[in-house]
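Chemist: Residues or ranges marked as transmembrane segment in TrEMBL: B:12-33, B:53-72, B:106-124, B:136-154.
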Amino acid sequence: MLAKRKMKSKELAEIIGITTANMSILKSGKAKAIRFSTLEAICKALDCQPSDILEYVKG
Amino acid sequence: MKTISTLKKLIDFYFYFLALGFIIWIIVIPIMFKTGKFNTLDFLDDHDISNLSFGRFMMMILVGAILYYYFLKAIYLLKKSLNDLCNGNYFSELVISNFNEIGKSFLICGIGAAVFKFILRLVFLSDIKLGIDNFLIISIIIGLFFMFLSEVFIKARKAQQENNLTI
């Protein structure tokens, strides 16, 4: 989605107000949970739906 | 925060007081044995231990010193843990392991002292006395409480890690 919007991780992190370290945790899938406010901010910044950035992987 | 810093000061003072007591004890015991005044140590109610052989006397002192060591160790670990707690590292690996060790030390100290008294009474007075000693009960309660606190802190640490990974 970042590539589609031609946006860098650092830029997105700045827009949604999280650190680059947290952004890399999000991208690597190491995050245990995500706040609705963060999800909302990402969707707003990327102009997309949560389903576009979330994926269920059978564990 | 004031509570923890007050507790830290108190534990610091208590530890040095105990350590000093231990050193004085080591110096005084041989002098007492030489002068034959060690009957005043009151190991076993009012039983006269002045006729004890040197070996038996040393055995008693050694067991007493081991128990004292465990008590001192518990206070030392508490003192060390309080440094972390004062700095706000509530659920650090050090605090968790120290609390577990403190619990074990208190248990060893309390149960050891009770067994020691029981054996002394059996050997010197040929008497069996089973009673609930205040020191024993309090040591077991404090020991188990610290061990439980350690388990709680492990859970708290996991919750904190999860919270840190909530973005």
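Cβ atoms here come from the backbone N, Cα and C positions, even for glycine.
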Chemist: Counting only pairs at least 6 apart in sequence, do the transmembrane segment (B:53-72) and the transmembrane segment (B:12-33) share 3+ Cβ pairs under 8 Å?
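Modeler: When sequence-distant Cβ pairs are counted, the transmembrane segment (B:12-33) touches the transmembrane segment (B:53-72), since at least 3 lie under 8 Å.
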Chemist: In the same chain, who gets a Cβ under 8 Å from the transmembrane segment (B:136-154) while lying at least 6 residues past its ends?
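Modeler: Residues 90-91, 95-97, 99-100, 102-107, 109-111, 113-114 contact the transmembrane segment (B:136-154) from elsewhere in the chain.
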